[in-house]
Amino acid sequence: MNYTQVSEFVIVGFPSLQPGDFNLVAWFFFFLYVATVGGNLLLVVLFALERSLQKPMYIVMVSLALSDIGFATVVLPKLTARYWWNDGSLGFHTCHFQRHMIHYFGSLNSLILLTMALDRYVAICFPLRYPMVMTNQTMTGLTVFCWVVAHIFPGISTINFTMMPFCGPNQILQAFCDTLSLKALVCRDTGELYSKAFTVAMFILYVPLSFIILSYIFIIISVLRMASGQVTHYLFSKFYTHFISFYYSYLILTLRHSTILFYSLFPPLINPFIYCLRTKEIKQIFARWIWRQKGIAPKKQGQIEAITKSQ
């Protein structure tokens with residue numbers, strides 16, 4: 001069959017949006033990008049500057065922060081340009097690259113959250129073995145493994161999609177290039193290809209989710225046998241944050257159009273506050289910085305802890 005392959009795609013974004021609102025929407029996405037990158041980058045800087053944070057738990061948190069920065073960078077600058085300068089065009093391979101990276105960071109986040117759950121499982125259920133099992137080298141190896149393996153499944157799907165015939169139209173009725181939007185533009189039946197891609201996506205999402213739920217079941221059973229109510233509440237809150245993150249990931253895979261955008265960009269914005277910036281150690285670091293800025297050195301660690309408890 002003869003056809004003319006399209007050379008570029010055009011991001012439509014929100015078709016019902018009036019031109020008079022373009023500038024406001026562009027500023028919204030710009031500030032969203034700055035806030036997302038700023039919040040996650042703050043954790044990375046803290047990790048680099050404070051030796052007390054250079055341990056397994058924060059290594060995986062920094063990995064999550066870098067993943068969120070990557071996802072926001074893949075999506076938001078182009079979307080902002082679409083409404084600031086009416087520049088929604090993406091080259092053929094650029095669009096496929098964006099699609100690959102979007103699904104890559106989604107897969108990566110699932111694996112990172114699985115690693116985070118594994119770290120907490122060993123720390124709570126095997127506290128005496130934790131320093132020997134979860135060393136900085138072990139956690140670094142696990143995070144590097146996640147960053148590499150997360151490319152495999154999206155990569156296979158990307159190769160298949162780039163070989164599909166795209167003969168027009170070329171308008172992406174979405175805020176970014178993803179599987180659903182590109183599937184609608186292929187000039188042949190994509191049912192089998194999409195079924196395989198969706199099956200793989202469900203696998204990379206639900207297998208880590210199953211292990212996370214299982215690990216927290218063991219954690220909860222162990223804690224209920226011997227822990228105080230305060231510790232139990234802490235553990236339930238940790239499980240809740242993991243569940244929320246996977247809930248949003250599930251919506252990214254199953255919802256359509258502008259709804260996907262909200263559920264895609266919301267977790268990277270709030271993850272630093274859910275997982276990192278509200279931890280006791282980081283609050284203590286901020287408290288020490290405040291004391292130094294005021295030119296006052298607290299005499300006792302208890303003074304810093306008193307400040308963090310009051311926040």
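Going from the start of the chain as shown, residues are counted 1 onward.
Placement of Cβ uses the backbone N, Cα and C atoms for every residue, glycine included.
Sequence annotations record features per position, and here TrEMBL assigns transmembrane segment to 24-49, 58-81, 101-118, 139-156, 203-223, 235-253, 259-277. The domain 'G-protein coupled receptors family 1 profile' annotation in TrEMBL covers 39-255.
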Top stretch among 24-49, 58-81, 101-118, 203-223 for CB pairs under 8 A with the transmembrane segment (139-156)?
101-118
Sequence-distant contacts of the transmembrane segment (101-118), meaning Cβ under 8 Å and at least 6 residues beyond its ends, amount to 60-61, 63-64, 67-68, 70-71, 74-75, 139, 142-143, 146-147, 149-151, 153-155, 157, 176-179, 201, 204-205, 208-209, 211-212, 215-216, 242, 245-246, 249, 252-253, 264, 267, 275
The domain 'G-protein coupled receptors family 1 profile' (39-255): mean pLDDT?
81
Which residues of the same chain, at least 6 past either end of the transmembrane segment (58-81), have a Cβ under 8 Å from a Cβ in it?
11, 13, 26, 29-30, 32-33, 36-37, 40-41, 43-44, 47, 87-88, 90, 98, 101-102, 105-106, 108-109, 112-113, 115-116, 119, 136, 139-140, 142-143, 146-147, 175-176, 264-265, 267-268, 271-272, 275-276
